[in-house]
Structures are given as C-alpha cells and as structure tokens.
Amino acid sequence: MSNFAIILAAGKGTRMKSDLPKVLHKVAGISMLEHVFRSVGAIQPEKTVTVVGHKAELVEEVLAGQTEFVTQSEQLGTGHAVMMTEPILEGLSGHTLVIAGDTPLITGESLKNLIDFHINHKNVATILTAETDNPFGYGRIVRNDNAEVLRIVEQKDATDFEKQIKEINTGTYVFDNERLFEALKNINTNNAQGEYYITDVIGIFRETGEKVGAYTLKDFDESLGVNDRVALATAESVMRRRINHKHMVNGVSFVNPEATYIDIDVEIASEVQIEANVTLKGQTKIGAETVLTNGTYVVDSTIGAGAVITNSMIEESSVADGVIVGPYAHIRPNSSLGAQVHIGNFVEVKGSSIGENTKAGHLTYIGNCEVGSNVNFGAGTITVNYDGKNKYKTVIGNNVFVGSNSTIIAPVELGDNSLVGAGSTITKDVPADAIAIGRGRQINKDEYATRLPHHPKNQ
C-alpha cells in the first residue's frame, strides 16, 4: 500500500511576534518546514500535501515543485486543516502521515519507525507519543487498564487526573487514509477552543472498536513543537549538538562544540580542526586537514584542503588548497583564491580572482580584480575600482610586484613581470617587464629644518 503525507503549515504563529510565517523561521540554516519535509521523505510518500494559510505565497515558495498545496483560509483547528486535503487524498488506499510543520527536530528514522509500527500492528490510527516529567500544555494520552489508547485529551479539556499523565501527544499521527476522511465527517467543535481537533478522530475509532495504537519516541527532544522564540532557540541548540556530533564521529575535531555553529547542509572532510566561535553557514564545504581558528565566519563558500583560516570572514567565495587567510581578513562574495595564496591581516578581497602563490600580507584592498600567479602586494595597496557610479576592473599579470602604499586606479592593466614602485598612483597600463613609478620626486633642502619650531635650536 502507498504512503501519503500531510504537513500542517497554515498557522501564523502569533507568539513568535513576527511577520514571517512560523514554519519559515530557520533552525540550523533552513526553515522548520524544510526540516520536516526532509524527514517526511524517509517514508517515501506517493503524495505529499502541505496545508498553507497565513502568507501562503511565502510558504509555497519554499517547497515549490516538491509538494502539492491546499489552502486553509480560516484556521479552525488541526482537524479542519486535514479536511482541506480531501480533494487530493480522499478515497485513496494507503497510510497517511499527519505532521505539523513546526517540529524541526523529528527525524526521518522516527517517522519510518512510526509508519512501520502502524503497519505491523494493523492499526487504523497510530499516535506518535513521548514521555516527559513536565507535560503541561500537551495533549495527554489516555489509556485503559490494558494500556490500550482510549483517547487524546487536550490540556484545556483535561481533568485534574488526566493532567497528571506524563505520556503526551506529539501532534504526529498515521492513519488508514480512507478511514481518516470518513471519520473527519463526524467531528465537531464542541470543545474549549471551538475548533475541529484531529485528535477527536481517535475517539471515533475507539467507539467503533477499531484498533488505535501509540508509538513512543526514544528521544523527547524530537517532539518539540516551536511556538515562540524560546522554543526556537531550544530547537537550534539541539540541532547544533546533533550536527556537531555527526561531524565529530566523522573525524572532525572541535575545541568547543557548544560554541561552534554549523548549518545542516555544511560539508566537512575528516581531519579538519575547528576552534571555538566558528560559524559555518549555508552550502559551505571544508576540505580535509583545514584549520579554522577562533572567530572564523564562512558563508556559502568552498575551502580546499590544508587551508588555515584565522579569525576571518569568507562569503560566497572559493578558496583553494593550502591557502592562508587572516587574521582579520574579509573575502567578500564572488572571489576565488588559488592554491597557496596568502591573504593576511586587514586585507579585503571583493569580486576578484587571485592566482596561486600570490600574497597580500596586510592592509590591502583588492576589488574587481583579475590577479595572476606569484604576485606580491605591498602593505597599503589599494585598487580603486569605483568612481561613484560605475565599477571598473583591474588586471594584474603573473609575477607582478606592487610596492607598499600604492594606489591602482581602474580600469588598468599591469603586465607580466612588471613592478610598481612604492607610493605610486597608477592610472595607465604598465607594460610587461616594465617598472612604473607614479609619485613626486624627493627633494632635500639642507638646513631647512633648523628654521622650524620643533628643532632643538628653537626650543
């Protein structure tokens, strides 16, 4: 039989105090909705239907082309949300997973175990449950003396006795698809919230003598539903520990994993060393035996093997093998550094390609440049690429030496093996093998300093 999935993502999330739909808030670099969608993939659903509502266009954009969408114009409860999927799923034979889009910590393994449990026990409905010493706010699982599930009771509708129950409803279920939609026709809004509860379907199945079961999570953290910023931070913390643990098991060394922030899609090879307060975001890839020191921040970039990045920022760029960056360097978007390049302290590179073995040791700005191999930039070199309206390109050949405190005004080209004298302002092309000096000639005036107030003779 086929598997189907319904993801509930219509809510506004008032307690988030945000204009962004709740399910689009990010955990470890991707939205909560994307986390849930990826985990749902473990059951290989034939159809996945996502229920949208508040700012539906934003939610649909995230999963465009990956799921079908239905709209819940009025948020009248979880049961009502599932009713919205009726035109797509009613009458199909199979098992349907119903899950909230704000549960980013649920794993694909747990969902696979849940649906296997449901099938193996021939249940018409199976509830994913968890146990906690502090069940306040959760729906409780009410069982009979034979430990069979009788019903789910919400916090606001629970008796004092029922509030003591520690087994809670996680809000995730598997149903026989055909029976689900038949039962939904019989639920009502006779409850404290005046909503259609999906949980009422469980009571209907019990009344008709059909088999209802519960599969209990091994890890309570997976049950976390995010309703406010506090829970969002908790989810981020748990996810970060999972991610870092995975990398450590795969041969990555962390000085302080609790102070290291790595997004879920980051790839790290073995033998990488990561110090504290390192952040790796987006689609970043780190090659083997690279060292990332305290304070390094890398976004959507590729760093090769054997590189050393010291307390620096790299954004949307590529860094080849053996490169040294930092401390306090900034590699801005659309830059590429060739093998063995050295970008030192207080150097900024923007939108530039730099050939292998090139060095810019300190206090340099390289913007909109095409730089060859074995180039040396002296301290204080500035490439001037912007005239207030347009940006221009500088081309620097191989084996070029640029003296300290030089200004290179684009558009200009420095030929192979050329040399720029220290302190020069370059406004014209420099031919290959030439030396360019663009500064005033030094003049010495003998004894002139004796006329000045600072001279000892005038004290």
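Cβ from N, Cα, C; glycine included.
Annotated active site, proton acceptor per Swiss-Prot: HIS362, in sequence order, evidence recorded as sequence analysis. In sequence order, GLY344, ASN345, PHE346, VAL347, ALA379 make up the list of same-chain residues 6 or more apart from HIS362 (active site, proton acceptor) whose Cβ falls under 8 Å from its Cβ.
For the recorded site, GLY77 (UDP-N-acetyl-alpha-D-glucosamine binding site), the DSSP three-state label reads coil. Counting every protein chain shown, the number of other Cβ atoms lying within 10 Å of the Cβ of GLY77 (UDP-N-acetyl-alpha-D-glucosamine binding site) is 21. The feature UDP-N-acetyl-alpha-D-glucosamine binding site is assigned by Swiss-Prot to 8-11, LYS22, GLN72, 77-78, 101-102, GLY139, GLU154, ASN169, ASN227, ARG332, LYS350, TYR365, ASN376.
Long-range C-beta contacts of ASP102 (UDP-N-acetyl-alpha-D-glucosamine binding site), restricted to its own chain and to partners at least six residues apart, with a cutoff below 8 Å, comprise GLY11, GLY13, LYS22, VAL23, MET32, VAL36, GLY225, VAL226, ASN227. Feature annotation from Swiss-Prot assigns Mg(2+) binding site to ASP102, ASN227; the stated evidence is experimental evidence.
The annotation Ca(2+) binding site is assigned in Swiss-Prot to ASP102, ASN227 on the grounds of experimental evidence. DSSP assigns ASP102 (UDP-N-acetyl-alpha-D-glucosamine binding site) to coil in the three-state reduction, outside any helix or strand.
The Cβ neighbour count for ARG439 (acetyl-CoA binding site), using a 10 Å radius and every protein chain shown, is 14. Secondary structure at ARG439 (acetyl-CoA binding site), taken from DSSP and collapsed to helix, strand or coil, is coil. Look at Swiss-Prot and you will find ALA379, ASN385, TYR386, SER404, ALA422, ARG439 tagged as acetyl-CoA binding site.
Mean model confidence of the region 'Pyrophosphorylase' (1-229) amounts to 95 (pLDDT, 0 to 100 scale). According to Swiss-Prot, the region 'Pyrophosphorylase' annotation covers 1-229.
Here the region 'Linker' (230-250) has Cβ contacts under 8 Å with residues 16, 25, 27-28, 32, 35, 104-105, 221, 224, 257-258, 260-264, 266, 268, 270 of the same chain, all six or more residues outside its ends. Marked as region 'Linker' by Swiss-Prot on the basis of sequence analysis: 230-250.
Positions annotated as region 'N-acetyltransferase' by Swiss-Prot: 251-459.
When the neighbouring Cβ atoms lying within 10 Å are counted for each of the binding-site residues (ALA379, ALA422), the highest count belongs to ALA379. Here ARG439 (acetyl-CoA binding site) is positioned 69 angstrom away from LEU8 (UDP-N-acetyl-alpha-D-glucosamine binding site), judged by their C-alpha atoms.
Spread of the acetyl-CoA binding residues is 22 Å (greatest Cα-Cα distance among ALA379, ASN385, TYR386, SER404, ALA422, ARG439). Rounded to a whole number, the distance between the Cα atoms of LYS350 (UDP-N-acetyl-alpha-D-glucosamine binding site) and SER404 (acetyl-CoA binding site) is 20 Å.
ASN169 (UDP-N-acetyl-alpha-D-glucosamine binding site) is 72 Å away from ALA422 (acetyl-CoA binding site) when you measure Cα to Cα.
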